[in-house]
Amino acid sequence: MNEENDNMCSSEEKTIEHADYIYRVTAFEKLYRKENNAKRSIFGGTWFNKLNYRSMFKFCKNAYRNTFPFVQVLKNYKVKQDLPSDIISGITVGIMQIPQGMAYSLLASLPAICGLYLSFFAPLIYFFLGSSKHISMGTIAVVSLMVASVLDRRFPPTSSDVQFLPSSNVTENSTTSDTLPYKNDDLVYQKIQFASALSFVSGLVMIAMGKLHLGLVANYMSESMVCGFTSAVVIHVVTAQMKHILGIVIPRHNGAFKIIKVILSTVTSHFGYFKDNYKVKVVGKIPAGIPKPQIPDPTLATDYFGDAVIIGLVAFTQSVSMAQILARKNNYQINPNQEMVAYGAGSILSSIFSGYIPAASVARSLVQEGTGGRTQVAGLSGCIVVLVVVLALGPLFYSLPESININTRKCGNSFCFKIYQAVQGYVHTWGEGGTV
């Protein structure tokens, strides 16, 4: 009888003898938080872990939801509460995108219109693939400087300024003239093609890394490191712009108030003939319309593959750092692997439309979060503002002085100096480690 009872007990529920205690299997797993080994694989239980799902339908549904986070966002979207805030926030950030997009594109030694294309397509694709509710994708200074450095190595700088996009690369509805007013049109076109190739290669690498779940490196970024990196970016941006503010020629080494200021400066420059009378440098010709989609030739960036990967990783580091800061502040989580895929897709789409590598701007992201943006719909609203400029208002910025454009960009960075309050805390807490 005793043997039969023992057999019945063992068949009903297994036990595990561990040290001096005996646990039921369920209690043991709960205590030590046992996980399925397949879930800890690099594939995260989405491609090869079908056994975790009761049906193929659930497996496909989960994979689709992870790849396109906007589906869940729209499912839980509260129109009356979220839409007004997202529209207001999106319009504000979209207005910021216009001068910053043109200025950072010039900083990258590319035509101003390339920055506007990037400011439209990068947030557009991020709406569908991104997991952060608050970051603003587009042009940033550090990536623009790195792209300019690679362009200068590939094409040695000349005395001519880059101010336009060749009309052969613009749609038929464009108001651009077929006659190119500058002599360096071939050089500019080659620079655009090369920058697009860099962005295309970088995007492919980022998507591959994201699918292999290499975005987990973001989990090892401490808050002090993220804050320090962002602060270093601000210092680098300010020092790099001093030559434009002071009007000093230095060889390159390998909200609403802003838009009002831009409009007034453009009108004054146009009717005062600043370019002809005072030799003031202006933004120049900006064609209207979206360029014809063209897949870049990856072989153009073969010798600069390492640069493309490094620039992509720098863009990912700043973007995911900003996303983590805002996610932590607003009590939600992001998926670093999906973020890497979203950044890569943004790079590829931008490269097809004469853009370069995008990233999340610190200033614009803080403004989007501070003005009440609740979801990725805010970024989509900003795209509409940029699209209006690209389709119709671009040529009106011809007379905008470059000095005003650069100054607008610098004032936007002053908002980022609030970060130094946090840096002081890290230096006080960690000493030399915080200083580093």
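Even glycines carry a Cβ here, placed using N, Cα and C.
Unlike curated entries, TrEMBL annotations are predicted automatically.
The average pLDDT computed for the domain 'SLC26A/SulP transporter' (84-255) is 74. Here TrEMBL flags 84-255 (among others) as domain 'SLC26A/SulP transporter'.
Residues annotated as transmembrane segment in TrEMBL: 106-129 (among others).
Annotation source TrEMBL lists transmembrane segment at 192-214 (among others).
The domain 'SLC26A/SulP transporter' annotation in TrEMBL covers 257-404 (among others).
Nonlocal intrachain contacts for the transmembrane segment (308-328), taken as residues 6+ away from its ends with a CB within less than 8 angstroms of a stretch CB, comprise 131-135, 137, 140, 142-143, 146-147, 150, 198-199, 201-203, 205-206, 215, 218, 221, 223, 226-227, 229-230, 233, 301, 334, 336, 339-340, 343-344, 347, 357-360, 362, 365, 369. Feature annotation from TrEMBL assigns transmembrane segment to 308-328 (among others).
Outside the transmembrane segment (340-357), and at least 6 residues removed from its termini, the chain residues within Cβ reach (under 8 Å) are 67, 108, 110, 113-115, 117-118, 121-122, 124-126, 129-131, 137, 143-144, 147, 165, 169, 192, 195-200, 202-211, 214-215, 290-291, 293-296, 311-312, 315-316, 319-320. If you look up TrEMBL, you'll see 340-357 (among others) marked as transmembrane segment.
Taken from TrEMBL, the feature transmembrane segment applies to 377-400 (among others).
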